[in-house]
Amino acid sequence: MPYFIDAILPIPVEKAFTYSITEAEAKFLQAGMRVAVPFGKSKVYAALVKNIHTTPPTLYEAKEIEHILDEKPIVTQKQFELWSWMASYYMCTEGEVMRASLPSAFLLESETIIRLQPEVVLQDEDLQDDEFLIYEALQHQSVIKIQEVMDILGKRKVLPTIKKLLDKGAISVQEEVYEQYKPKLVTFVQLHSHYKEEKAFVALLDSLSRAPKQRELLLAFFSLKAKTNKPITTLALQKAANATATQVKTLVAKGIFETYEKRKDRVEFEGETSGTKTLNEHQVEALAQVKESFETQNVCLLHGVTASGKTEIYVSIIEELLHTGKQILYLLPEIALTTQLISRLQNYFGEKVAVFHSKYSVHERVEVWNNVLQNASKAQIIIGARSAMLLPFYELELIVVDEEHESSFKQYDPAPRYHARDAAVVLGHLFKAKVILGSATPSVETVYNARHGKYGYVYLGHRHGNILMPEINLVDIKEKQRKREMTGHFSDTLLRAITDALQLGEQVILFQNRRGFSPVLECKTCGHAPQCPNCDVSLTYHKYRNQLRCHYCGHHIAMQLKCMACGSPDLTTKGFGTEQIEAELKELYPEYSIARMDSDTTRGKYGFEKIITAFEQEEIDILVGTQMLTKGLDFRNVTLVGILNADSMLNFPDFRAHERSYQLIAQVSGRAGRTEKQGKVLVQTYNPYHQILQQVSANKFDAMYEEQLQERHDFKYPPFYRLVRITLRHRDYQKIEESSIWVAKALRQALGRDAVLGPETPPVARIRNQYRRNVLIKINRRQNLKQIKGLIARVQTSFKAIPQYRSVRLIIDVDCY
Ligand code: ADP
Ligand code: ZN
Ligand code: ZN
């Protein structure tokens, strides 16, 4: 009887592919294991076995698999279920979800790159013919692709040869699929069993009387042993005895010490845990309400004002669930910004916490993956940003989505363009797990779901310690300009408040939602402003680097001294960013320490951490930053928050702009006065009567919600309508014009005139030399979503079949943001 598998390939093809396997393979294989499979004329991929069966495909002849890559499944059945939902809901393929889910070390394809390991030199006679050919090719070329190896050897089955070269250490592959994952090993040292008896030991010490260093090592070992009862690493011993590795080795060679190795997972907590905090009365009440809501509902919104101590409530719930041994997923908007929270959780839960970090190396990610898959106790609580929800959970009991309103939960590019909060609700459902969505400024959609009985709702309106909410005052800068009460971008009111805070030894946060020095450099003579050659935007002036930079593609040129159009030296800057604010502050407060936190100053794995720690330790007096400052940071000594200009946020052309401005201002304000004293917030604006500013300064969340909801209703936006955005991209202007008109027309025919808007030119019409057009589809909540997506997919298929549009990229974004 013939046997087959259906396999998911990590590419955007709609259906799983069927491959044939032998009976023995069928016995061995399980769903969730990887196999190397041929694809197309000459490609090879690591594909995932979805199921094993005996039905041959009807439309093509099944190819054989090349070989099996795993001994055990690396993907779970629940993941397959989630992928299938994501692919269908977000209109992408399971292969794309697979690619987003698996650490790249698990993906292998013909594009995988091989390079020489220069430390290892092999002689001709060490190599078989095929191996020699590859080795030889790599002497002339620093890297080759597996694809090219196939050409060199004139055959397709090259993976075994590559594997042999890898085993010999001669080459490395970029994605390291063949390299067995190696956990980092730590060497420990112990006394040889001969000397465990006291008598033997004393004799040993005596015998070493003429080798003082060795004696010292031995004594150091004992004093370490006495201090901690834990195994001693050779490194610790070396340090304690001030000895070298060779000196330790000598004692091992003499049979006095023995060494042994243990695997150490890189992502590991070292230190002592502390007890959790006792909840205050409001938290106790809120916790009881959350638990009560979980009796009838699976999802609960915890709406707690800033510094109300939501984290402590999550912690209490987690604590109560730990004994079950099931897993808990804690999702955060941006992991790099949340080192504070991670150390808080690690303090409570120690080694049970695993962090899944996008900046981790491939190895570290594989490690977390395997720990989660095996339900290892060191990965019972998994903290991560949106992609952490794609890990291979064994059994999930609780999902916390912290700062659920954050837009970074939504993935823009590439597919799957999922919203991790929404997908987490589905994930929770698959596991029958409970989900808590927490925020001080929950999104309109989530509040709507809570008010309409879909989710539970718990409100926590008191800050911990009953500290008052910060006092928010609006400063009319039009008025201030008229009265000449501005110094640079600062009103006298703001400057006075800064001075007062600094004099009391308190810290200040200043928020400006733009980085760089100034977004536009303009010629006073002819009005020309330097543009990015690749994108339709002006270049931003970065004074520190003396450059003009594009924030969309990274293109940069040296700062110009003369106008590029007319040659006039009379240039002026318009608008301002964090860099300019920092520069002005340094002039105004030369005796204070001023730092800036934006994506220019926080590159690198620990970029944020350094600034956050320095601010925490009060080495910085004033911190200027972009919206990075809003993400749940908890500083004890900040009493003043200044927002330099609220208007650019409010005027952003987006139906969420008002909601977002409220959230941003409320969140950044929430950094003020978190421990003792009531905080103070000053918002500079040209529009002090703007509804949103009035609402946020009076802390009127409900009024904001009601008004926004009404607008969403009137203008057909979520939660009443679902939005699907189709974006077209192409290098050729004419082609993008025509094709977008075609798509809009076809969609109107399929879905009706009113359901389709556009084509529209987005605010930045060209990025990286690609022109863009958007077509927006609005789907009434009451309509059958599946059916409409089917119609959209059909338009997509017809579009792709038009020869002259084949090179136009069509991107579908469901629930676009
Ligand atoms: P939120 O996430 O709601 O903004 P946090 O959880 O960060 O608030 O809490 C704000 C501050 O109050 C933190 O410094 C936290 O340690 C402290 N805090 C909150 N609840 C308690 C409690 N029950 N006992 C002691 N300190 C608390
Ligand atoms: Zn000019
Ligand atoms: Zn650009």
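Placement of Cβ uses the backbone N, Cα and C atoms for every residue, glycine included.
Now, the feature entries from TrEMBL:
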BINDING   CYS523, CYS526, CYS563, CYS566  Zn(2+) 1 binding site
BINDING   CYS532, CYS535, CYS550, CYS553  Zn(2+) 2 binding site
DOMAIN    291-460  domain 'Helicase ATP-binding'
DOMAIN    536-712  domain 'Helicase C-terminal'
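Annotated features, which come from TrEMBL, shown on the structure.
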residue	record	DSSP class
CYS523	Zn(2+) 1 binding site	strand
CYS532	Zn(2+) 2 binding site	coil
CYS550	Zn(2+) 2 binding site	coil
CYS563	Zn(2+) 1 binding site	coil
Rounded to the nearest Å - Cα separation of CYS523 (Zn(2+) 1 binding site) and CYS550 (Zn(2+) 2 binding site): 18
Additional residues surrounding Zn(2+) 2, by Cβ distance to the CYS532, CYS535, CYS550, CYS553 centre under 8 Å: PRO533, ASN534, VAL537, LEU539, HIS551, TYR552, GLY554, HIS555, ILE767, ARG768
The domain 'Helicase C-terminal' (536-712) [mean pLDDT, rounded to integer]: 87
Listed binding-site residues with Cβ under 6 Å from ligand 3, out of CYS526, CYS535, CYS563, CYS566: CYS535
For CYS553 (Zn(2+) 2 binding site), the one of CYS526, CYS563, CYS566 that lies nearest, given that the binding-site residues are compared by Cα: CYS563
Residue from CYS526, CYS563, CYS566 whose C-alpha is spatially nearest that of CYS550 (Zn(2+) 2 binding site), among the binding-site residues: CYS563
Which listed residue (CYS526, CYS532, CYS550, CYS553, CYS566) has most other Cβ within 10 Å, given these are binding-site residues: CYS532
Cβ-centroid neighbours of Zn(2+) 1 site CYS523, CYS526, CYS563, CYS566, 8 Å, sequence order: LYS524, THR525, GLY527, HIS528, MET564, ALA565, GLY567, SER568, ASP570
Pairwise CA distance, CYS532 (Zn(2+) 2 binding site) versus CYS563 (Zn(2+) 1 binding site), rounded so that it is a whole Å: 15
In sequence order, those binding-site residues of CYS523, CYS526, CYS532, CYS553, CYS563 whose CB lies under 6 Å from ligand 2: CYS523, CYS526, CYS563
Pairwise Cα distance for CYS563 (Zn(2+) 1 binding site)/CYS535 (Zn(2+) 2 binding site) [Å, integer]: 20
C-alpha spacing of CYS535 (Zn(2+) 2 binding site) relative to CYS566 (Zn(2+) 1 binding site), in angstrom: 22
Residues that sit under 8 angstroms from CYS535 (Zn(2+) 2 binding site) by C-beta distance, when 6+ apart in the chain: CYS550, TYR552, CYS553, HIS555, VAL764, ARG766, ILE767, ARG768, ASN769
